[in-house]
Amino acid sequence: MVKSHRIHQIQKTRVISLGRTGSRIPEQSVLANPSLMTPHLPPSPKPWNTTRILTASTSNKHVPVYVSLDSYRRIRLVNWIRKEKPSPEHANALKGDEAFLSADEYLKPTLEDDPLLEVPSEDSSDEEEIEVWPQSPLDLAAAKRQIKRLKQQLQRTKQDMIEYRAFVSERLNFTSVAESLKEPVPSSSIHVAAPLRDDDSHYFQSYGENDIHAVMIQDKVRTATYAQFIMTTPELFRDAVVLDVGCGTGILSLFAARAGAKRVFAVDASDIAEKAMQIVKANDLENVITVIRGKIEEVTLPDDVTHVDVIVSEWMGYGLLYESMLDSVLHARDRFLNPDGGVLAPSQCKMMFGLCEAAEIFKERVGFWSDVYGFDLAAMAADVYNEAIVDVVDSMASEPVVVKDLYLKTIAPKQLDFSSSFTLVSTTERKTNIHAFVLYFDTFFTASGEPIPEDSQVHFVKEGDPILAEVWQVGGKPHISRRMSSGGPLKKPKPKTTSFSTGPLSVPTHWKQTLFLLRDPIIVHEGTIVQGTFICKKSDDNSRELDVEIHYTVKYEGEEPSEAIVQVFKVR
């Protein structure tokens, strides 16, 4: 590529290689007449600063017309063509002594940042730009030199075409078309996903980074509960075929392999799949775990496998449904899960909703701005009421209620947009300002995949909980279940259930809690009733985000309910 400098802040004049001649000519030629883009042009004897203005067509042959111009006159020519838009006949008649070639008004670019206005630096030699086909080589050494020169010309031509296509794409706004024409990047994955929708691009890219996986694995509540269920349920995982949807680092697949699974297919559409392959190899589990890079909606399982016994996935997002990964798990269920006894892990989730004082959150996010070094900056807090806040609270001002119970074996994707009524009763012993509603979720695993019993209680993990010790025994030995006491008559045991909560009563998880700040705090006493409707649906703007509406009234003892209040939030 030629070196260049700028003249009067004028952009570059592009130089391109055309045809088999190897000649490199100013691109304003193409501007004047696109017919120059022909693969059969004669070699040019002219110096670089000779401008090919037009190619006239005579007897089906292209006859180039040359006019010798210096750098400033070439600039004037390009700007004149841009501004006046001459016909090919008019341009063909140019002789190089026209008045506009000396007029200063054409030194000003007609098109801002015109990429055709580049001039070579003074140290650029003609030899760099004019490359005429050499005569037939006389010996092998000469032939090799000619081949080397031709390869260099070809590389330059390819680079010029890349730049030219980028220029056309930018000027004509064909960026999306150019993206679709890009060649796919080679991958060591078994399957590569199709071009991603806009909603998916950032989502999958974000899961290609290490930090997010470190946060998730270091979440003791999350990871240890999965490990406990997988490694203490041999009746489910031994000799099973397992599908791990959104495998990330492959940690759940590793647990399944250690629990005795016969085959594990670990699927992920992000770059982390490449790391997962390395992890599987480092742990000598390549004979059990197969990592597949791709979207679960598009991949096929190798070795003609059509059904799996277990689907494991950590698909939950903020407030449970943020990121909409559950849609993919349900797709995998419908395509791959054995209809005769197949199990999803987790098998059930409940969205829990309640009142929260959230005084500290309010102070940090809203109250802080009211007095900053004596100034009122409250305008900075205006948008905080439009978006959900993901943060940790340590208590609630009511008992939680279930606004959505998701039994994964039967729920349909369309049911993930929903409306649910709620009734919350304040449990505060004193007059309290309620600044927020709080949303979190409880997660349940069952070996049978059946719904949990009605009276099942979620397990709240506390500091010092022995859950890790039950899984990580010395030497990696499998968990040994304790025998039942034989001191009395045997009772039919309850189905085994493993669970965890992301609520305020549990050790905080990386999901934290999802808070909806109220524009007008609710003043409650013990027994105050807050009643209303919780509406949740995928956002129209981005299907991985959520739109939430909360309609509510407040009723004090002995009084009529207040007028309904409505607030709308974005979860993103």
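For all residues, glycine too, the Cβ spot is worked out from N, Cα and C.
The feature domain 'Protein arginine N-methyltransferase 3-like C2H2 zinc finger' is assigned by TrEMBL to 68-109.
Positions annotated as coiled coil by TrEMBL: 140-167.
The domain 'Methyltransferase' annotation in TrEMBL covers 242-341. Remark: secondary structure over the domain 'Methyltransferase' (242-341) totals 31 helix, 22 strand, 47 coil, with classes taken from DSSP.
On the 0 to 100 pLDDT scale, the domain 'Protein arginine N-methyltransferase' (352-449) averages 94 in the predicted structure. The domain 'Protein arginine N-methyltransferase' annotation in TrEMBL covers 352-449 (among others).
Annotation comment: TrEMBL describes 482-505 as region 'Disordered'.
Here TrEMBL flags 485-504 as compositional bias 'Low complexity'.
Among the features that TrEMBL reports, domain 'Protein arginine N-methyltransferase' is placed at 495-555 (among others). Counting residues per DSSP class in helix, strand and coil order gives 0 helix, 37 strand, 24 coil for the domain 'Protein arginine N-methyltransferase' (495-555).
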